[in-house]
Amino acid sequence: MKTIKIAYIGGGSKMWARVFMNDLALTEGLGGEIALYDIDFEAAELNRRIGEKINACNDTITKWDYKVYPDIGSALDGADFVICSILPGTFDEMEYDVHLPEKYGIYQSVGDTVGPGGVLRAMRTVPIYEGFAKAIKKYCPDAWVINLTNPMTACTKTLYDVFPEIKAFGCCHEVFHAQEFLCCVVSDMLVIPRPSRQEINIDACGVNHFTWITEANYKGTDLFSLLPAFIDKYYESGYCEREGVAPDGFKNDPFLYGNKVKMDLFRRFGILAAAGDRHLVEFMNSAWYIKDKASVDKWLYHLTEVSYRKKDMAEKIARSHRLADGTESISLNRSDEEVVELMKALLGLIPPKVSNANVPNVGQMPQMPLGSVVETNCVFSHNSLKPITSRKLPEDVSALVLRNALNIENTYYGIKNRDLNRLFEAFIAQPLCSALSITEARELFSSMVDGTRYYLEPWFSDKELTLC
């Protein structure tokens, strides 16, 4: 049994922490302490109590020692791993991020990565991550740091820029969903039982939520050769890849989609976009796939409204109390997430493992700027993460990715230097803002900054929050 300490920043999480706790409970050969830290102490305490209930489950393989810490330093002190999973601000701020741009004809299906909402969310998040990086350097400089927070690219960039020697990576499951989509292609086109996504070998590269699969095969079969017929069959109706969900099951779930955008992009560019359609549309000009609500309906996805997120959060909080009180029983199920397996590979407990990860570009993606954070396959082994050099993107796709990579870099450095004018240039350069006039963009940007000012004032002076 390998005994470790895991510090969980955002330890009051209503979703990711629970998934992580379940997976750890069902893992052999690994145990120790889970140090929960959250600015919402009560939420972290609820997760501690839920952790104790998990320990008491008959199906539990490993019991962990759950502790709640009132300060980040105590939680991080001596940690072997750090998980970062936070909501920067509240859903009230996200309401400004997502819905204020609608007054200017800009719709956002997620609003947490790029576009006007992504820029404002980064403004709230990067200063917080500057503090995380400094604390990690002080209390656990040798720890592996796994970021789950969006905007993933900006968060990971911050960690490395503040603490260059950090051992950190961003971990995202969107590529897994693209592999599941390819599992559906295999099953439908070859008329065989649906394989597991681990049987789908891919080469992927891009920036988080705008990653592309340049090569895919299943037991020697080139899956790109199967895609045209599959797309012809399901282009109009759509096809949801989630296991346990009917192909048309996306219609009534605001987080699901019919993969029609993904199929259209394959027809256009010959490679497969490896993120959910809700994310993909925000990286391209709004007129392509998200011009208005009619476009959203046409392309078979949803605008996830913040009011829905608020309702969903209230339900999760209520469930947290039921689980902690024992009025609702806990059922342990292993997720399809790879965080725990990657940790085991980094500890040398399992053979080296290949998975997608977000880390600074040291040449693994030659078409993108060195130092910018990119997402490619990486090899995880004992105390080692080595990026794998990806195949080149077609030039037209590379241009789309590069535009967003540069916008994210510009956003990051605008925040780092507390330069609102540079941030405005990153804002107006967003593909979703392409139809705005300069005057409209200034009005919208200023209004959005005012809407989230409460969470910016600890990091920006009044002068720094004023456009010249």
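The backbone N, Cα and C atoms fix where each Cβ goes, glycine too.
As written in TrEMBL, here are the features:
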type: SITE; residues: D112; note: site 'Increases basicity of active site Tyr'
type: BINDING; residues: N150; note: substrate binding site
type: BINDING; residues: C172, H209; note: Mn(2+) binding site
type: DOMAIN; residues: 205-432; note: domain 'Glycosyl hydrolase family 4 C-terminal'
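The structure, with features from TrEMBL marked on it.
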{"residue": "D112", "record": "site 'Increases basicity of active site Tyr'", "Cβ neighbours (10 Å)": "24"}
{"residue": "N150", "record": "substrate binding site", "Cβ neighbours (10 Å)": "25"}
{"residue": "C172", "record": "Mn(2+) binding site", "Cβ neighbours (10 Å)": "22"}
{"residue": "H209", "record": "Mn(2+) binding site", "Cβ neighbours (10 Å)": "28"}
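C172 (Mn(2+) binding site) sits 10 Å from the residue listed as 'substrate binding site', taking the Cα positions as reference. Reduced to three states, the DSSP call for D112 (site 'Increases basicity of active site Tyr') is coil. Secondary structure from DSSP puts C172 (Mn(2+) binding site) in coil. In this structure, the CA atom of the residue listed as 'substrate binding site' is 6 Å away from the CA atom of D112 (site 'Increases basicity of active site Tyr'). It is 10 Å from the Cα atom of D112 (site 'Increases basicity of active site Tyr') to that of H209 (Mn(2+) binding site).
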